[in-house]
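Data block below; observations after.
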């Protein structure tokens, strides 16, 4: 067995660090939404619309300059855009009916959904250590919820059952969106994914705004107090969406959702230092649990990669001894094995003149 230090590769640090940057971005969108709510603004689809437009413009220009045909069928992006828009809408809408504590707890439903979907559709294998990491992360999030209850901060909503149902539905759609993005980004590329998601996301959001949020937008008094949080939300979401595909390529959808669970912890830090609020000691226990869970999950990922490299080396040695061309390559110090994945590419249109089908190995 390899030493523990050998598992702390550059890929490990990038995955953990990028996950926390994304978590901070999500935290900032939450505070921006809170400020908008204080201003009496309730237009969740309109907030997401600006993000989709920015994605379409920025990545659309890059994609157009490359002048390459789509690698995935265009109607898959329509479905992804619809799922992503409605996931954002449902979770934000739930705050009108249930408590923030319930939303925090039920939003964890995305974790088992991602594990199930990646296992079923992407054939991702999860070792016991990864499962332990997931359990620790979920336990940490639940501890945050009970901390709020212990501190007397839970407030009931007008219709908790309806709100809880909206959160569960939204979390399930988030899982579908994340797993779909993981597949598409690994087969079609980050630029194509962001450009097409931005295009169809903005179209779907625009239609939805014209139907259900038109009057709300007309009634908004666009003062500095309303404009700045709105712009801040849009910029944070644009950066979040731009960085998500990178983490999906490195560590997969499960690691993304686990990393985002620390957003509640960063919210606590902001409450302590920015608003000088007192928090329950359980928060700090929860933070440690989530961090340990993330480390366990990420280290287990590295162990699997090293195991694949060992197998790949053996295959290469055998093939070389028989004089045939090996189907598995080992590249550089990082030892990334590149394996032909014909089944996964069934949904992706072939290139006009395809090169030998050798794709990067999956992060999870």
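Quick reminder: no glycine exception, Cβ is built from N, Cα and C everywhere.
Curation plays no part in TrEMBL annotations; they are all automatic predictions.
The compositional bias 'Basic and acidic residues' feature in TrEMBL is assigned to 328-345.
Annotation comment: TrEMBL describes 322-364 as region 'Disordered'.
Marked as transmembrane segment by TrEMBL: 49-65 (among others).
The feature transmembrane segment is assigned by TrEMBL to 74-95 (among others).
Look at TrEMBL and you will find 101-122 (among others) tagged as transmembrane segment.
The transmembrane segment annotation in TrEMBL covers 131-149 (among others).
What TrEMBL lists as transmembrane segment is 191-212 (among others).
When Cβ-Cβ distances below 8 Å are used as the criterion, the transmembrane segment (224-248) is approached by residues 15, 18-19, 21-22, 25-26, 28-29, 32-33, 35-36, 39, 41, 47-48, 50-51, 54-55, 58, 178, 181-182, 185-186, 190, 193-194, 197-198, 255-256, 259, 363 of the same chain, each at least six residues removed from its ends. Taken from TrEMBL, the feature transmembrane segment covers 224-248 (among others).
The feature transmembrane segment is assigned by TrEMBL to 255-275 (among others). Beyond the ends of the transmembrane segment (255-275), by six or more residues, the same chain brings 15-16, 18-20, 22-24, 26-27, 30-31, 104, 108, 110-111, 114, 133-134, 137-138, 140-141, 144, 174-175, 178, 244, 247-248, 283, 286-287, 290-291, 293-294, 297-298, 301, 363-364 to within a C-beta distance below 8 angstroms of the stretch.
Annotation comment: TrEMBL describes 281-300 (among others) as transmembrane segment.
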Sequence-remote contacts (6 or more beyond its ends) of the transmembrane segment (191-212), Cβ cut-off under 8 Å? 43, 45-46, 48-49, 51-60, 62-63, 66, 70-72, 74, 77-78, 80-82, 84-85, 89, 181, 184-185, 241-242, 245
